[in-house]
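Participant: Pulled these features from Swiss-Prot for this protein:
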- 261-268, 286-290, 308-311, 374-377, 430-432: GTP binding site (BINDING)
- S268, T288: Mg(2+) binding site (BINDING)
- 255-452: domain 'Hflx-type G' (DOMAIN)
Amino acid sequence: MDTSGNPNGYYSAHLNPESDDLWSVLPKKYPGQLTEGILEEILEIESRLSRSKKNLKDAQKENRAFLVGVYPERSVGRHPSLSMEELKELCRTAEVHVVDTFIQRKNRLDPSTVLGKGKLEEIILKAIQKHVELLVFDLELTPSQAKKISDIADIKVIDRTQLILDIFARNAKSRDGKLQVELAQLKYLKGRLTELDDNMSRLTGGIGGRGPGETKLEIGKRRVEERITRLEVELKSLKKRREINRRQRKRNELPAVGIVGYTNAGKSTFLNALTNSEILSENKLFATLDPTTRRIRFPEEREIIISDTVGFIHDLPPELSNAFKATLEELGDSDLLVHVVDVSNPDYKLQMEAVEKILEELELSHIPMIQVFNKIDNLEKFKTWKIESDSNGYKTFSHPSINHGPGLEAIADLKEELGIDVHSDTVLVSAYQGWGLKAFLDLLEEKIYNLPRLNYSIAEKL
């Protein structure tokens, strides 16, 4: 404004995802410079935004994602940062590239978009700026929330449940595992059909209608329900077959041992080390979904059956709960459980609690258990220890201050440091390095052949 109060120029600003500040302020223009109208400027800005959208489409091949976590201000249990780290690991398993993360603490979620509108817009601008094409929320979104956020963001939005379903679908190998995952996916989809709109064509393409007045949505719901029914029938048949196999093993009177633990605790690596087998043991969450069974032979021609199982996880999605528990049903016939714990994980105590909670829900907490604290080679304190081999070639560890023996004092000290009862049925191992396996096998043999059922069977034979 000049001294007379008349305009002598103007400034303009607009959102700009390509700028570090997410906006741009244009230079001041004077009345004599107004050769273009405001409309032309707006069209130029929209053209630049369109180019950003093109870059976004090019990025879709990389599965670039932005993670969003909304947690109560005073959360009980796991710290939000640990929950977000687990979500990152889930993304890595699903081959999703995490570009950035966002954590907000608030006690009341926005019923329509979870986050407040302003915060959501900030995230969307940042996502466009970094060429992100996927938002992953660390909670289960309602169908209306997912649709609302996707409409506002104009990019794909999924929640933790969908991510886990995708991982299960990738990793299931057996017929039973694949059917369980498909059933879980369909049950998840069924409750969200009313929100799918344009996506319905993918579900109903090529399917004939029930009648001239039936909509695509009605066709979709009916077909999903029919498929769910068929899957449940087939899964019941497979369950009967598994029961027959378990009865056969019982008749052979071979002791059964089940390995349980949080996902990525190293269960498959542990079983591989014990049995010299080659079960897939990637450093990813849910690398194992289908139960795997092997045999271990002890002296005096004594054998046991030992089985690996799917890893446990916090807050398992309801749609996967039945599928997950079905894969664990064989644990009910176990004479002994082996709980493998990743002791190097800062969240390991809460992970142990999650496993124990699920075992209680499955009514398996009465089964005797050995705890295996795995990955001790990742502990900073352990890196100063020596590695030795006994006369049979088994690797053991000792503290530098101990010149002879397997380092029992140092192990006892470390157990005490970790809050483990020195006299409890707990062993420290590194399955990856092969350390501590002899101590585990000795304890396993002692426990398994002192079980009441086995003593009774031996007495009967005598």
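For all residues, glycine too, the Cβ spot is worked out from N, Cα and C.
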Participant: Around the C-beta of S268 (Mg(2+) binding site), how many further C-beta atoms are within 10 angstroms, looking at every protein chain?
Facilitator: 24
Participant: Near K375 (GTP binding site), which residues of its own chain have a C-beta under 8 A away, given they sit six or more steps off in sequence?
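Facilitator: The list for K375 (GTP binding site) reads A265, G266, D342, V343, S344, N345, S430, A431, Y432, given in order along the sequence.
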Participant: Distance between G261 (GTP binding site) and S268 (Mg(2+) binding site) at the Cα atoms, whole Å?
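Facilitator: Checking the Cα atoms of G261 (GTP binding site) and S268 (Mg(2+) binding site) gives a distance of 10 Å.
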Participant: For S430 (GTP binding site), which of the three DSSP-derived states applies: helix, strand, or coil?
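Facilitator: DSSP assigns S430 (GTP binding site) to strand.
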